[in-house]
Amino acid sequence: MRQSIYPFWAVLLLCVAQAGLFVWYGVILGFLPLATSLLVLLSLAPPRDPSDGPRRLFWRSVAAVAMVGVIFVNATHALEMLTEQVNAAADTDHHHGHDSTGKIPFGYLVTAAVDFLLKSVLIVTRTIPHFGYQRTAPVFGLLCTPAVVMGAVAGLSHLAHYENWLWEHLVPLSTIIFSIITILLAFPFFRHLRGYLFHFAPKAFDLGFLKKDVHARFPTVEIRHCHVFRIWPRGASEAHLRVAIKVDKSDREWGRIGAKLYNEVGRCIQDALKSTCGTGKIIIEPMFVDKKLPTPETSICVGKACQTRSLCCCPSDKKQLDEELLC
């Protein structure tokens, strides 16, 4: 079932309006709602096709980078406003979005209200992803807090005015504080992405137990290489393994015996991984070796130079090779 394009276009129009207000008035606090709007927009961009997981993961990563980049640039601008020595002429020519009475343009109130309502609807209807959260409330906090703060500060600027340092610097102070809060609220999202970007193994996976279990059932079989990693977006996992199967190659039936043993080992590994990790796709590469001869050190790298120079995760030492887990 394809995702409706209307939420994407609605968020896109909201982003254009928020960016236009910033270009026209330059209120830096208004950039925080834009940052979370970009997060939602880029998360809605890819098609919701289960077979298109890598592209969806790419867009979620781009969304996270875009949000952090916008917040970082905005926060540094706010720090600059607080620390710079502003003379009277600069105050007259540039108010960072305030007019002569210190009021924030009314357009920010409107966009803040639209921002809050639109994102609330998208969250309630589960149109947007959960961003690594288990509950809905933190998603509201991440996406809607900037709009609420923007609306509150803009409304307060129309209702009151004070002649003190805190009031004059309310916008940059609010920007810095809520930039930090927004980044903290986004940590579960970053942690959620990390496991997929760095191909972390599922928590339930235990390589040592798997190797011992297989070797106990099949003494002539040895797992030489194992790579189990999570795939986007449902937390499922894939497994790539290389197993060394010792056979007596002087026996004319060694091919049939080896194939039968390979099938039995494959079923054993599949049952173990599916029961512990929910692994869906499992690739097992057999390596048939003569049990009368020493087991050769077969490199799993694409070239010998890669292994001998220790340029990657493929150790040349057999003991290290037995213990490696590329996760």
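Even glycines carry a Cβ here, placed using N, Cα and C.
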Correct range for transmembrane segment (source TrEMBL, candidates 6-25, 106-125): 106-125
CB contact flag for the transmembrane segment (137-158) and the transmembrane segment (57-75), at least three pairs under 8 A: no
